[in-house]
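Colleague: Let me give you the structure first, and then I'll get to my questions.
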């Protein structure tokens, strides 16, 4: 059973705090193993990657077969049924249309002191996307990671996707093709992250690594951060649904289960202003859990981390939501826009009962890589900006230097940085000579 | 002596690679110490912070004196001489004017499928800025960290600035006041970062921590990353000057020294298309090093990490610059704009010989917190965006669900996520009933 909370109960604050701080993930400490793998790949390059792939994925590769060949990719893509191909193309098109709007503008202006200022955005040169193997090998994640990079103008886009025992997912390769990926390596784990960050004889290093992965991948990303950029260390997924009584309990139940089925550590929370509606949703969830394909996973998640919270009114719902800072937030209420205006921290908001969160996972357009574990308090979902960086620009004229140089010199002296001050003073002296 | 390289030499590539990969910083491994400090602050709160401050800063505090009182701040600010106050105010005003332009726009539109999409930016609720004590206690850094937060609309802005033996820097307090800081705590080190991230009885936790610091502070920031957002782990500063022969060698020399004087690990590089000019700059640097206040630090940096590179032409200069991806890039050439257009990776560009980098450190307007150690390949300087996060928005209508729902359902099934598919299917079935 999930936890039932009532905001009018005397012990509510304590129970809600417990919900907020519950540790949902108990990652194994793989840091030493990962450090050794990274050192090995740095020292021995391809040979290390090939040995580790043999060991962990039971797959024999050579430097020549580390990547899929163009023919192999074509053959794999041809295996994708028409309906799935069409769906993937529609998704890719919609995701691209959304992300194109995120391209930021360059700027340049001259201010009243005569200083020309501005900034310019440029793409990262090369990006590597990690795509997990096995159960969590999601073609939708390929689109969500690769399309923003492509839209940003990244020149070289590569994927690492392990194929345990040589089993590959044709949809992953089709998604890669649809989103402009240049090369797909059939390697995974910490060795793939090490190869992307440091390069090998065959694998050229990249500047930025994104994409989800297991504990080994996460630890490797944390370690190579600084040498390359990374997106975020994603935690288990979560959804918060705020719903009033004018909803079908079964719709809300499957929306909650669509997070729960991802992972036993996922979390699904309902906040409602109607206790009876909350009970109906709980019943609908139990019923669906009898037949759902992934009922073992979804059931564990719902039992261990699910919650139904009854509140006095929607104002209180917004306030609690902001404390949760959910990754996904569904607002199934009459005036979803009014409620959304009160939300200050959330990765993605789904407005109204016709907008199930699953739309956002695939075809809505916005990115499905979103901040988990309350990190929506300070971070955003993946976007085109993650594959761009900004260079600031400044140009002084002699007149501008006269206007603002003396202040720079004064501050440099106050910080005991003489050369800083001199670099301004020498130029001012030259002007005074003239 | 710095290293002299010539791009036409046979061993140039090897020598340039050595320059790129030289390890400039040998941070002590303080991770275990930092882990223990963080655990102590989490367990004992104020008591731990007070004990550690006594130990490391030789300063006795109580919960009541952890923060400067408003009266103390007023008294400290009154000690600042008028010239420095004016300079700081001019700097604050110019930095604010630049950063105001970085505020991003919200967006909302309805696409041809009838889906309403968009995004909304909201500020981080609370930010903590770390200001190092002692030598590197720079009021300019307070402005550069606090003003973007203030412009972003951060509600609560606090500073941790250690005051070893009780010695405080009145300019730091004035800079804090000018940039809307609410509270200044006189604590530092890993204990300050732990208190900002986890909170104590007296210190409320924040959502984002920015600002430079020593190895303990850097290790603590890396550890609390995820619990809170952090800006970056800053490395030693660096400058690259690209200059033709039509420059005063002494100006270029002091520009190079203005990085070298920061830190023995700082790096200053000149690229020129005129070998004789390079020699003149080298001579000018040596001359300045005889009298410069911080000649010991600047001399060590120049000797160990300085470089003068002669190239065939400015095209080659741009190409090498992009491989270096410098934090600061001065373009002292006739057509600086044309050269800037060829630069793909740099934190900040200073255009023309009237724009010494020191202007950017204080009063230019752009931020001086910039990506070091080649990270301009994938990251940007501090900006208003670092204190904002984006929530994506989506609203489906029944018509929109008919248009794109089936593709979502198909992809959900292909990923074996039944509840995802059901959340779309139940709604489509309802429409088909109607």
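Any Cβ shown, glycine's included, is placed from N, Cα and C.
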Colleague: Looking at TrEMBL, A:237, A:259, A:262, A:328, A:415, A:420 are annotated for substrate. Which of A:182, A:207, A:361, A:386 sits in that same site?
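Modeller: When TrEMBL describes the substrate site, the candidate it includes is A:361.
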Colleague: For NAD(+), what surrounds A:130, A:191, A:214 with a Cβ no more than 8 Å from their Cβ centroid?
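Modeller: Along the chain, the qualifying residues are A:132, A:160, A:162, A:188, A:189, A:190, A:192, A:193, A:213, A:216, A:217, A:220.
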Colleague: With the cut-off set at 10 Å between Cβ atoms, which of these binding-site residues ends up with the most neighbours? Options: A:214, A:237, A:259.
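Modeller: Top count of Cβ atoms within 10 Å goes to A:259.
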Colleague: Under a three-state reduction of DSSP output, how is residue A:191 (NAD(+) binding site) classified: helix, strand, or coil?
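Modeller: Assignment for residue A:191 (NAD(+) binding site) reads helix.
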Colleague: Under 8 Å between C-beta atoms and at least six apart in sequence, can you list the same-chain neighbours of residue A:191 (NAD(+) binding site), or say none if there are none?
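Modeller: Expected: A:37, A:40, A:41, A:48, A:49, A:52, A:53, A:56.
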Colleague: Starting from the Cβ of residue A:328 (active site, proton acceptor), draw a 10 Å sphere and report how many other Cβ atoms land inside it.
Modeller: 26
Colleague: Would you list the recorded positions among A:130, A:214, A:237, A:328, A:361, A:420 that come within less than 8 Å, Cβ to Cβ, of chain B, in the order they occur in the sequence, writing 'none' if nothing qualifies?
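Modeller: Of A:130, A:214, A:237, A:328, A:361, A:420, the entries that lie near chain B are A:361, A:420.
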Colleague: On a simple 10 Å Cβ count over all chains shown, which one of the binding-site residues A:262, A:420 is most densely packed?
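Modeller: Per the Cβ count within 10 Å, the most buried is A:420.
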Colleague: Which number gives the other C-beta atoms within 10 angstroms of the C-beta of residue A:361 (substrate binding site), all protein chains shown included?
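Modeller: I count 27 other Cβ atoms within 10 Å of it.
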Colleague: If you compare CA-to-CA distances from residue A:328 (active site, proton acceptor) to each of the binding-site residues A:214, A:237, A:262, which comes out shortest?
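Modeller: Result for residue A:328 (active site, proton acceptor): the nearest of the binding-site residues is A:237.
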Colleague: What does the structure give for the C-alpha distance between residue A:259 (substrate binding site) and residue A:327 (active site, proton acceptor)? Integer Å is fine.
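Modeller: Here the two Cα atoms lie 11 Å apart.
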